[in-house]
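Taken from TrEMBL, the feature Mg(2+) binding site covers Glu7, Glu9, Asp145, Glu157, Glu159. Residues or ranges marked as substrate binding site by TrEMBL: Lys11, Arg55, Arg57, Lys65, Arg125, Glu157, Lys193. As annotated by TrEMBL, domain 'CYTH' applies to 5-201.
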Amino acid sequence: MAQGLIEVERKFVPGPGTEERLQELGGTLEHRVTFRDSYYDTPELSLMRADYWLRQREGSGWELKCPGAASVSGPHTEYTELTAEPSIVVQLCEVLGAVVPGAGGVAAVLGPLGLQLVASFVTKRSAWKLVLSGADGEERLLRVDLDTADFGYAVGEVEALVDKEAEVPAALEKIHHLSSLLGVLAQEKAPAKLIVYLQRFRPQDYQRLLEVYVSDILAETEDGD
């Protein structure tokens, strides 16, 4: 698989005091932004059922999240992010068992690969960043996104990006530490926006995912940040 950054993240349910707590911890509000995300898959959800998540974000282009190399347990997830369209096309063809076309971006292969729009919604996000020291004394930049989707669901995410698998445990330690400082319970789980969207508006597709993932795994599964 084409390589990309490894995203280690944990979702949580934000409260009315979450932003104030982030400020107390030295966090900086980077920006507030509104954007539309559109997700694509086959009618059988062949990508999502294999833990691949194809998204087009308004103004940002395409992204494919691929399952991390290592199996991680607990209320967090690990994904490799692909954002270069040639790499995304190669990976899509590999997952779907198709021949890689000679040229063309993601939009050009949607039809040939049988990919169609599955979900589209608008998110209002406040994006925070802060530097947190771990038990090893090493400092790492963490990002916290607080999202509210246009269908009324709010979710937060603590995220770290690393270059290699060996850096994942240290990133997880800092993510869990910050989560506890924000008052998140150790085993708290919060489903991703896409999962809640499917559950509410496309229950048949949600059931297709339940055939593969048990419900508590769906609470950890990524749709995309």
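Each Cβ is built from the backbone N, Cα and C atoms, and glycine gets one as well.
This view paints the features noted in TrEMBL onto the structure.
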{"residue": "Glu7", "record": "Mg(2+) binding site", "DSSP (3 states)": "strand"}
{"residue": "Arg55", "record": "substrate binding site", "DSSP (3 states)": "strand"}
{"residue": "Lys65", "record": "substrate binding site", "DSSP (3 states)": "strand"}
{"residue": "Arg125", "record": "substrate binding site", "DSSP (3 states)": "strand"}
{"residue": "Asp145", "record": "Mg(2+) binding site", "DSSP (3 states)": "strand"}
{"residue": "Glu157", "record": "Mg(2+) binding site", "DSSP (3 states)": "strand"}
{"residue": "Lys193", "record": "substrate binding site", "DSSP (3 states)": "helix"}
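Averaged across the domain 'CYTH' (5-201), pLDDT in this predicted model comes to 90. If you measure from the Cα atom of Lys11 (substrate binding site) to that of Glu159 (Mg(2+) binding site), you get 9 Å. Binding of substrate is attributed in the record to Lys11, Arg55, Arg57, Lys65, Arg125, Glu157, Lys193, and the widest Cα separation among these residues amounts to 20 Å. Using Lys65 (substrate binding site) as the reference Cα, a 10 A cut-off selects Glu7 from the binding-site residues Glu7, Glu9, Asp145, Glu157, Glu159. Among the binding-site residues Arg55, Arg57, Arg125, Lys193, the ones whose Cα sits within 10 Å of the Cα of Asp145 (Mg(2+) binding site) are Arg125. On the backbone, the CA of Glu159 (Mg(2+) binding site) and the CA of Lys193 (substrate binding site) stand 16 Å apart. Least packed by the Cβ count within 10 Å, out of the binding-site residues Glu7, Glu159, is Glu159.
Shown are the binding-site residues Lys11, Arg57, Lys65, Arg125, Lys193; of these, the residue with the fewest other Cβ atoms within 10 Å is Arg57.
Cα separation, Glu9 (Mg(2+) binding site) to Arg57 (substrate binding site), rounded: 19 Å. Recorded residues Glu157 (Mg(2+) binding site) and Arg125 (substrate binding site) have their alpha carbons 11 Å apart, per Cα-Cα distance.
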